[in-house]
Amino acid sequence: MGGGRGRGNRSRTQRKHFRDGRENVWKRSKSQASSDSNNTSTDNPTWQPFATQNQAFDEYYKEEGIVPPEEWDTFVEFLRTPLPAAFRINSSSQFCADIRSQLENDFMKSLKAEVTEGGGEVEAIRPLPWYPDNLAWHSNFSRMQLRKNQTLERFHEFLKLENEIGNITRQEAVSMVPPLFLDVSPNHFVLDMCAAPGSKTFQLLEIIYQSTKPGSLPDGMVIANDLDVQRCNLLIHQTKRMCTANLIVTNNEAQHFPGCRAHKNFSKASEIELEPPISQLLFDRVLCDVPCSGDGTLRKAPDLWRKWNSGMGNGLHPLQIQIAMRGLSLLKVGGRMVYSTCSMNPVENEAVVAEILRRCGGSVELVDVSSELPQLVRRPGLRNWKVRDRGIWLSSHKDALKFHRFGILPSMFPSGRRYVAPTDGDHKNENGANVNSEDEPMEDPMISTDDWNEEVSDIPLERCMRIVPHDQNSGAFFIAVLHKLSPLPVIQEKPSRRGNSLTKRDEIQEKLSEQVTECNNGVELNSEDAASEKFSEAASEADLIEKEMDETASVPDPCNTDDENDSEKAKLLVEGETPSGKAVGKRKLQIQGKWKGVDPVIFFKDEAIINSIKAFYGIDESFPFGGHLISRNIDNNHVKRIYYISKSVKDVLELNLLVGQQLKIASVGLKMFERQTSREGTTAPCSFRISSEGLPVILPHITKQILYASPVDFKHLLQYKAIKFMDFVDAEFGEKASKLMMGCSVIVLRDAKTSSEPIQLDASTIAIGCWKGRGSLSVMVTAIDCQELLERLSARMETEKGSSAQENNVEGVELQDMNGIEEAERSYTTKEATND
C-alpha cells in the first residue's frame, strides 16, 4: 500500500514523529523485566526511570493558566502516574449483554478486594458514569498488577480474548468522548479524517449499527482515512474486528480529502454513461481528530516529557487549520463536526477553532454542549492565551514582528488580527522587516496600542471543552463541536493571466498547479506572509481545487488512443463489459493501480460463480447481490475472496469510479465468500465457502446447506473440531448432516427446548460454518473463536440451569435436560478415548 502521497508527490504533512503511533512505554519488555528482576538497582546503576518533568512544560502551562495555581501540584502529580486501563464493550456484538453482565456480576465482585488505596477499599473496575448504558469501563489496575495473581490473571485473559474477538475495545477513556458528541444516527455518512489507530472509527461503526436487525445493514456508512501507510494498516486491523460492510478505509491526505464531485455533464464526457447515485461526497458528520503534539498522553507515553517543547504545537497549527477547514467544506449544511486533539496547548486548540470560525464568516457556529453528558467533568475553553517561540512570550502578532518571529501566524493569537507594517517610505532592517525611526515594526493606525497588549478572543470559546487528568483520573483532551449553518464563503476566481493560445485543459492544469503551489507555500513556517494570506482562503480554495480536479477528469484527452488493455480495465471496473467504440479520444477511467501498491477495487460480475453460490446455499431473492459484490483482483479465475458492500458504500464506489478514482482505497467491504483451495474443496459443487465474518449478514437468507444442532452436539463440534456423522449424540442430526452436499454448510445452535426447524433467527442466534466431508463434519472457525463460543455457551447453559432450578424449585424437566447434556458429554468423551 505504498505510493502516491497526493498531488505532485509533494506532501505537507506533519513530521514523522507526529505520525508514528506511540506505544505504552511504561510497559517494559519481558527481557527487560527479567533482567530487572535478577538485578537490584545497585547491580544495575545505569538503569534510570523515565524523567517525568520538563521545566519548559511547567513554565508554559503555568503561564497559559490551563489549571488554577492551587491545582497545579495535583495536576502534575496525576500526569506523572501511569494511565489506568479503560475499555469499551462493542454495543453491536451479539454477546454485548453477556459481557456486561459478566463484568457487573462476576468481575466487579471478585476483584473488589484486590485494590486498596490509602488504606481504604476502592472499586477495582467500574463503569464510566458518563458513557451510556454501562458500556465503557475504567480499571484501577496497572498492566503489571493484572499479572500479579490468579484472579487478576483471569481478568487479564478475559480482556485479551474479548479484545481480539472484537467484543470489547481497549481504548483510553477520554478518546471515547469525541464520537459521543457527534450525535451520529444509523443513516449518517460519517468521515473520520485522521482515523488511525481506529478505536474511534470502531466506536462510530457501533453507533451506525445500533438497532440493525439480523441480515440487514444500516443505511449509513463510515469513511476512515489516514495518510500514514503503517498507521493505516493498524486502522484496518482494528476495524476488521467489527465485520462490517459499511466501511471504507482510505489513504488520502486529510487536508486534501477529495469531494468526488461529479458534474452534470460528466456522463456525456465519460466513456461509460452511468448516472451516479450521488453527485458529490458530502458527510452528515465529520470527526476531525487532527495530528497534534500529544501532551495529553503523557501518562501513557512518558517519553514525551523529554521531547516536549512549545514549538511542537506552533509547527502543527497551520496543518490543523487546513484539515479542519477541509472537514467543514465536506460537511453538509446542517451537519456537525467535532474538532479534537489529545493536546492541552491552546495554540493547537482554541486558536484553531477561533481561526476557522473567523474564516467561515457566520456559516459555522460553535455549539454549546454543556448540557450533554452531564456526568463528564470538563472545563470551558480559554479566551486568552499567549504564544511562546524560542524562549520568548508573544502576546500579539505585533510582538511576533517586533522580535522577528515571522513563522508565528496571526491565527495563533486570540484575536487573529494581523499587524500590518507600513510599506511606503520606510526603511528595512537586515532581516527585511519594515521599521520606523525607533527600529520597531509600525503599528496599524486602525488599532490602538492598548489593544495589542493583551488580546482576548471575542468568540465564545468557553463552549469548547478541555478534559484534564486530575478531574476524573484520565488523560487530557480538547473537544469543540461545530454546526454548519450555510455553505462556506466562496472566493472570486483570479483572472487568468494566460493568453488565448492555451487550451481549456492547459488553463485548468496550470491553474491547478498554481493553486497547489500556493497552498504548499502557505504552511512553511518561515513564510509568514504567504501562510497567513493563503490560510485565510483555505476553505473556498480547497473547493476550487476540488472543482478543477473534477473538471480536469472530465476533459477529453487528445493523447489517449484506443488502447486495448486500458479499455479492458475500464470494463472490468464498472460493468464487466467493454463499451466498444467509445474509448477513442476520451479520458478513460483508471483502475486503482494508479495508486502504487494498492489493489484495485473491482465490482464482481461473474454470473456463473454468483449463480452457483446462490443455488448451492439457496440464497433467496430478498438478499441484494447485484452490484454489492467486489473483489481486489482483475482476473476472476484467480479471485480468492469476494467482499460484500452495503448500498451506501456501493454508491460511493460508483461515484469514485466516475470521477477518476480520487479516493485511494486501502480496504473496503465485508469478506463474504472465500475460495476453497484444498483438493476436496475443488471437487465440491460450489468452490466458495461462506466466511465467518459474513455469515451473520447472509444467515437469514440461507435455505440450503443449513442444519440446527442441539447444545450438546454444537458444543462437541467446538471442542473436537471434527465429528463423524455416526458419533453425534443426536442421531437424526448426524443422518441429516450426512445427506448434505459436499462443501460448506452452516450449523445453527438451537435451544435445548426447541426441536422444530427452522428456528426463528434473532440477534442472539449463534451459528458457525462447517465443512461437510465424505464421512464427517468439520468446523471452519478459528481456535480463538471456538474458545470464545465455548465460554459463552457454557455461561448460557449455567444461566439456564440456574433459572430452571429457581423457577421450579425442584429439578424439573428443564434441569433434567441440562443434566442430560452433561451426561452426553461424558459419554462422548469416553467413546473418543476408546477409539483412540
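Positions of Cβ are set from backbone N, Cα and C atoms, glycine also.
If you check TrEMBL, you get these features:
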REGION    1-49  region 'Disordered'
DOMAIN    75-485  domain 'SAM-dependent MTase RsmB/NOP-type'
BINDING   Cys194, Ala195, Ala196, Pro197, Gly198, Ser199, Lys200, Asp226, Asp289  S-adenosyl-L-methionine binding site
REGION    421-446  region 'Disordered'
REGION    798-836  region 'Disordered'
COMPBIAS  823-836  compositional bias 'Basic and acidic residues'
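Projection of TrEMBL feature records onto the structure.
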| residue | record | contacts (Cβ under 8 Å, 6+ apart) |
| --- | --- | --- |
| Cys194 | S-adenosyl-L-methionine binding site | Asn225, Asp226, Leu227, Ala254, Cys288, Asp289, Val290, Pro291, Ile323 |
| Gly198 | S-adenosyl-L-methionine binding site | Ala224, Leu234, Leu235, Ile236, His237, Gln238, Thr239 |
| Lys200 | S-adenosyl-L-methionine binding site | Ser175, Met176, Pro178, Pro179, Asp192, Leu287, Asp289 |
Pop the mean pLDDT for the domain 'SAM-dependent MTase RsmB/NOP-type' (75-485) in here, whole number is fine.
86
Other residues with Cβ within 8 Å of the Cβ centroid of Cys194, Ala195, Ala196, Pro197, Gly198, Ser199, Lys200, Asp226, Asp289 at the S-adenosyl-L-methionine site?
Asp192, Thr201, Ala224, Arg231, Leu235, Gln238
Other C-beta atoms that fall within 10 angstroms of the C-beta of Asp289 (S-adenosyl-L-methionine binding site):
23
Taking 10 A as the limit, how many CB atoms besides its own sit near the CB of Ala196 (S-adenosyl-L-methionine binding site)?
25
